[in-house]
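The domain 'Glutamine amidotransferase type-1' annotation in Swiss-Prot covers 3-234. What Swiss-Prot records for CYS86 is active site, nucleophile. Sequence annotations record features per position, and here Swiss-Prot assigns active site to HIS203, GLU205 based on sequence analysis.
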Amino acid sequence: MKFGVLVFPGSNCDRDVVLVTRDLLKQPTRMVWHQETDISDLDVVVIPGGFSYGDYLRCGAISRFSPAMQATMAHAEQGKLVLGICNGFQVLTESGLLPGALVRNRDLHFICDRVPVRVERTNLPWTQAYQAGQVITLPIAHGEGCYYADPETLKQLQANQQILFRYCQPNGEITPDSNPNGSVENIAGICNRQGNVVGMMPHPERASDPTLGYTDGLLLFQGVLNSLMAQGVTA
């Protein structure tokens, strides 16, 4: 299988993702410049964190119009896999591939921390390596990571089991105190109805290298790899 990592002016987590997919998982990976239009060779597209286009106008608002994102939208419409991390999550909501929006953190401060996150759904390629209700620890680093959705959209997210990750206490309890940024319902990550497009504010790629001492994020990438290999997708 082959991964592609989008690179916008201002991206700064693209190489972190490549380290995981190419160096840890040993999968072919190429970096996709924002002006590229042909990504037909890719099985999985990752939109990394950073400050695409300087976060001008709104986080992700300009990126959505890039040629590479237009190709990514077509990729997603074909049922292929797309992951947006942090700024990538913002790009996915701006492009309409995921519902809702990411707004300023509740306390209006940039947050950089490691937080417990509860896995809500495990029957998708992205989450199949986890256990339902499992609490994992992932880094966060964002200033506009507060997920918002209107009541009707939130109702649909819940009904369709589109909420994949929630901020929680170390014991898995969902509380206001465990919510670092004010996200509605403690939401840390969601998917589209089909389950092939995922957006999350925490950084799994920063919790993947054993050298760093914890690898909770690696299971997300390993789950995708196992799923596609089971379908017969090879390098």
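Glycine residues also receive a Cβ, built from the backbone N, Cα and C atoms like all the rest.
It should be emphasised that the depicted structure is a prediction, and the values quoted were computed from it without experimental measurement.
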Rounded Cα distance, in Å, between CYS86 (active site, nucleophile) and GLU205 (active site) is 11
Sequence gap of 6 or more, Cβ distance under 8 Å: name the residues on the same chain that satisfy this around HIS203 (active site), in order along the sequence. CYS13, ASP16, GLY49, ILE85, CYS86, LEU138, PRO139, ILE140, ALA141, GLY217
For the residue listed as 'active site, nucleophile', which DSSP three-state class applies? coil
Do any residues at least six apart in sequence from GLU205 (active site), in the same chain, have a Cβ closer than 8 Å to its Cβ, and if so which, in order? CYS13, ASP16, VAL17, LEU19, VAL20, PRO48, ILE85, GLY217, PHE221
Across the domain 'Glutamine amidotransferase type-1' (3-234), what does the mean pLDDT come to, as a whole number? 94
Number of other Cβ atoms within 10 Å of the Cβ of CYS86 (active site, nucleophile) across all protein chains: 28
